[in-house]
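Asker: Sharing the feature lines straight out of TrEMBL:
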type     : residues  : note
TRANSMEM : B:21-46   : transmembrane segment
TRANSMEM : B:96-121  : transmembrane segment
DOMAIN   : B:96-286  : domain 'ABC transmembrane type-1'
TRANSMEM : B:128-152 : transmembrane segment
TRANSMEM : B:158-183 : transmembrane segment
TRANSMEM : B:212-233 : transmembrane segment
TRANSMEM : B:267-288 : transmembrane segment
Amino acid sequence: MKNRTFFWFILPTLSAMVLFIALPIVSVFIQSLHIEHEQVLVVSESCGPFGCEQTTEVDLEASAALREAQPLGRFNGFATYTNRAHLAFDEIAEAWRTTEDTGAFLRRVFDLPFYKALTFTLTYTAVVTPLVLVLGLAVAVGVNNLPKLLKGPTIFVSLLPFLVTPLVGSLILFWMVDGDGIIGATLQRLTGDPSLSLKASPTLTWIMLMTYGVWHTLPFSFIVFYAGLQTVPRDTLEAAKIDGASKWQSMRYVTVPHLVPLLTFVSLMLLMDNFRVFEPIVSFQSQAHATSLSWIIFNDLRESGNPLYGSAGATSMMTILGVVILLTPVLIRTWRDFNRKAH
Amino acid sequence: MTITTLDPSSSSAAARQMPSALTVISFLLVGLWLVIAAFPFLWTVWGSFKVQADFFSKADWTNALRGTNTIAETGSAFTLRGYEGAWVQEEFWRAALNSCIVVFFTVVISLTFGTLGGYALARSGKQYAFWLLMAALVFRAMPHITLVSGYLLPFFEWNVWGILPTTIIVLVAINQPFTLWMLHSFFLNIPKDMDESAMVDGCTRFQAFRHVIIPVMWPGVITTGLFSFLLAYNDFAVTSMLLSEKNETMIPAIASFLGTTQVEGNVMFAVAAVVSATAPLFVLIMFFQRQIVSGLTAGAVKG
């Protein structure tokens, strides 16, 4: 295709992506270097019979005018990145100096908002992704053995948790595990502890969120693996059977190797989606025990009346960096493949 | 495979016994998964026609099935109070209407941009086409909320915050990386010879696209469209931050319901709204199951 023609074909989509994805990243970066204006203070002196008294007041008008003139705020350099709400260098150094053992030090660190969110996001990604891969494969093999008549309805039901709006799906589960909901109330009865609340304990909150994650994304790996199973060469399976391989062995040595290329694709998709976990935290209102990187950005922007653009920007930049790190192996591999094809 | 004689000393018989055990386990697993997948939906749909005391019944969960309190409060085992409260009292229809507008325009514009771009990428083969696809992959992986923090300030400054067109354009842009990848791999499967022979016959590139490619591209476009629909319909991060209360779509409306109705003890409004918002997805899966499955696997199978 000629460069000129290519240009005209790609123009609409490229301009949409440049204007609303590439430039916003630049804008986020610039924002992250600025911080909200301080209030303009006026010091006035009022003198009475017993001497003069100085009072400091916020000049609302001047503050508003300043915000109007420079909506970005004042330049702050990389200070936002290192403050308490983000990388918190000072607090970590302080914790390192004052705590006795590693456990206490780590506890101090995980109390800092950014590290708390980062820990949850990474744990969530690291736990949910492999679980979904294994369980998805198991369900796919199971469905593959079903009579033909049942396959269609099974896939229909399986698609529901995946395609349902994440906010809505997590709300549905949240209402069920509520203290008065069916699962919550049943658990209370089973454990004999009427005050048991899945929302009150950090561990249970984490387990609940990850269960939601598995429930929500399992269908994706199931569907892809199921499609892969349809293309396993029949001849090889037959040959394995004739050679005396048990079903388990032919699964282990024929089917699974055939699915390995799919595995890369599925895990890439799952990693990307799990890393941006966000809606369940809103639905489960779990911010006291579990937050994610996406959620703290949302929270900064939500600060009603006075959004913290600088703070949100800094977290956003670090999240984007995280995504790039996560994707690097894939990018390098694709680059090699592309070169091999080209030459 | 039917084995009637059991001979423990024969290893082959033992090996052939394995499948039945495996099959039973896999049946159980699938059964368990189906219950886990479907039960929350069945439970919530059924419960949305009850009163709160039944849906959240600490004393006895069968209340929600039989509707004991619903009968006591309304005289019948099923009530539309939740739906009435959501759609009439809280004006959920406004949000539904906004959702329709946003989703419709997002899908149409995304597909138009995406087909043109995806076609160009599939036919180019130049280095820069590869780099564009890689950039799109990175963009696809970025959490949407990171971009939203970049939009807010400029949108406030230009006075375009809170209105539907802004949100539509943003959703179109966020949708592009995915649409491009999907349609690109789809166009790769349409033989090059088709449009190139048209060009040998004297068509320009665009005429070849218009007369040769467009007539055969619909299966791929429909599949991609379904996913664009889902992205726009399911979005919370963008719509909740970029739309004013008046222009809210369904998902942020449900989220803001939670704040207001929980206080007033009207959780059932939110339950009814949640069921209403899920119903269209249910219908969508029913009619387009095959396309959705093929779309999910397209990226995997074609590389």
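Every residue, even glycine, has its Cβ placed from backbone N, Cα and C.
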Asker: Would you say the transmembrane segment (B:96-121) and the transmembrane segment (B:212-233) are in contact under the rule of three or more C-beta pairs closer than 8 Å, pairs 6 or more apart in sequence?
Answerer: yes
Asker: Given a Cβ distance threshold of under 8 angstroms, which distant residues of the chain, six or more beyond its ends, lie next to the transmembrane segment (B:158-183)?
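Answerer: Cβ under 8 Å, 6 or more out: 98, 101-102, 105-106, 109-111, 113-115, 117-119, 121-122, 132-133, 136-137, 139-140, 144, 147, 151-152, 220-221, 223-224, 227-228, 231-232, 235, 238-239, 242-244, 246-247, 249, 295, 298-299.
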Asker: Within the same chain, where does the transmembrane segment (B:128-152) have neighbours whose Cβ lies under 8 angstroms from its own Cβ atoms, ignoring anything closer than 6 residues to its ends? I mean 6 or more beyond.
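Answerer: The answer is 120-121, 161, 170, 174, 176-178, 180-181, 184, 235, 237-238, 241-242.
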